[in-house]
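Undergrad: Quick paste of what TrEMBL says about this protein:
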type     : residues  : note
DOMAIN   : B:21-240  : domain 'MacB-like periplasmic core'
DOMAIN   : B:276-385 : domain 'ABC3 transporter permease C-terminal'
TRANSMEM : B:21-42   : transmembrane segment
TRANSMEM : B:270-295 : transmembrane segment
TRANSMEM : B:316-349 : transmembrane segment
TRANSMEM : B:355-377 : transmembrane segment
Amino acid sequence: MIDVPVLDVRGATKVYGSGETEVHALRGVSLTVERGDYVAIMGASGSGKSTLMNIIGCLDVPSGGTYLLDGVHVGDLDERRLAILRNRRIGFVFQSFNLIPRMSARANVELPLAYGGVKGGERKRRALAALREVGLADRGGHEPNELSGGQQQRVAIARALVTSPTLLLADEPTGALDSKSTADVLGIFDRLARQGRTIVVITHEDEVAAHAKRVVRLVDGRIVEDRRQAPVGVA
Amino acid sequence: MSPLEVLRFALRGLTANKLRSGLTTLGILIGVAAVILLIAYGNGSSEAIKKSIQRLGADSLTVSTSTTSSSGGARTQARDLTVKDAEALAKSPSIKSASPVVSGQSSTATYAGTSSTIDRFVGSTPDYFAAASKTIAAGSAFAETDGNVVVIGSTVASDLFAGTDPLGKKINVGGINFTVVGVLKASGSTSGGFNDPDSVAVAPLTAVQASVTGYGALDQIVIQAKSSEQVDAAQAEAESILQQRHGTTDFTVASQASAQSAVADSNKTFTVLLGAVAAISLVVGGIGITNIMLVTVTERTREIGIRKAIGAPRGAILGQFVAEATILSLIGGLLGVAVGVAGSLFTIAGVKPVLVPSSIALSLGVSVVIGLFFGGYPANRAARLRPIEALRHE
């Protein structure tokens, strides 16, 4: 099990539209991410990094090439299985937090567990543990609009972590945060990386990329740079 | 994902926009209440008519001449109904009394300068009062041997005597003075068509023949059966006796039951029509649910995207929105039942509504089905949203 890479993308292409309006978002991307790695995928807007993130997050399927998540061929799965896969294996963190309004922080964190069929008591315990991990154990009862941006993003991270996913996938997680909150969120990522979590962060900020163990740079749908900054494995 | 969980999500969705949920519920509420109320009023008015027919006499039969034979054959010259016919009928075992009846239409009665048009001036025997269910409010009925005496209806009494006691006064009809010996109780029925049933006067047969109708044939013979159970037997006996005496079927014996069933039939049509109108408003309420659910789904596209991204299966999303629609319609339905039942306590336009229990069950059931059906389309649309597009939605 240890030698199966978490992510194994081989020659992935993505084409939007057809004929004259054809857009090649990805032109053959191959990327392998080992367990415990902390990868930053960088690129300017239009470089295809969002498309790659959607494919990695099982929200979209590649037009060509294959994608294995934890050794599972994602392209073969129907919608129901994709939903289960997203629920169990991936934790999403979005730029705009994407918490569900008018639901308490704890209820938001419990949501993936609810869809995963975890029972009430167990769910509450795990949600509180996840909130504690991001330092918001005392804010479980607050609704998103009662929390600051940084706190909302930390709740979102708790929600991503609560199912103990194989992969934590963050899309511009600090894009909407001030520098103090950015530091908080990056600090949490650093700690998670030290605990051996596999993290993939999509970003265009060098400051964020600096924290990663490996930086992958995309230009025009191709990987142009793949630089390792720190070794994989528990530090 | 347990059904209870889906229900909780649905409730949370509904309480997030209380005004909108309330207004949508109102649509179904009105529909359900309208169905229950209109059916109750239709039913109530048909019960009222039935009752007033019964008041006319459930145990009475009316014999009248007919120029066509009841077997549908050739026209025959009808023989007149006579007092002798009535006497013969009265001897039959199931028949309590048979009163010969002559009646004059629109006779003018005068008293001390005031006049009143009596719609129906009836000449008959004392038995007529019981047979035709005429109750005497003041004074008494006349006896067989009395001369020119009359019992007047309440309308006639108020027209001629406005406030004063009519008993013992003499009124003039057709040149003959009649002494008022009694006043009939107001029938209280307005369902007797355009004729006022209280614009009536009853006097002995011979007196009416002398003054108003002349000594011709009888208009009717009113038969009272020994009991309401014996009406059918009495009808059969009356028919065979008259058949024997006349040698042909030149008469009809009509029971109140036949009139009753005719009225009941027309009332059923009326009730069904009312129900249909109400059902339309229920469907309109259902379309309101579809409308509001479509708006909700569009508004919450992003939320649906988030839920899908974190692993909500299609069924859970579908279930949540169908449950929201069904809860709306169910609450609307329950409140509608409450309003309908409460509304049926009030008498409107003289009709006391009578609830039909099946209409409550039916309209409540239909409202739930409407929630499922009209909520299904928006819910399905929500469930089919693709997560990336939904997430991109602003």
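From the backbone N, Cα and C atoms, a Cβ is placed for every residue, glycine too.
Context for these features, please: burial, neighbours, distances.
TA: Across the domain 'MacB-like periplasmic core' (B:21-240), mean pLDDT in this model comes to 79.
Panel annotation: around the transmembrane segment (B:270-295), residues 20, 23-24, 27-32, 34-35, 37-39, 41-43, 45-46, 321, 324-325, 328-329, 332, 359, 363, 366-367, 370-371, 373-375, 377-379, 381 of the same chain, lying at least six beyond its termini, place a Cβ under 8 Å from a Cβ of the stretch.
Beyond the ends of the transmembrane segment (B:316-349), by six or more residues, the same chain brings 1, 3, 6-7, 9-11, 13-14, 21, 24-37, 40-41, 44, 285-286, 289, 292-293, 296-297, 304, 307-308, 355, 360, 363-364, 367-368, 370-372, 374-376, 378-380, 382-383, 385 to within a C-beta distance below 8 angstroms of the stretch.
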Undergrad: Within the same chain, where does the transmembrane segment (B:21-42) have neighbours whose Cβ lies under 8 angstroms from its own Cβ atoms, ignoring anything closer than 6 residues to its ends? I mean 6 or more beyond.
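TA: Here the qualifying positions are 14-15, 267, 270-271, 274-275, 277-279, 281-286, 288-289, 292, 328-329, 331-333, 335-337, 339-341, 343-344, 348, 351, 353-356, 359-360, 362-364, 366-367, 370-371.
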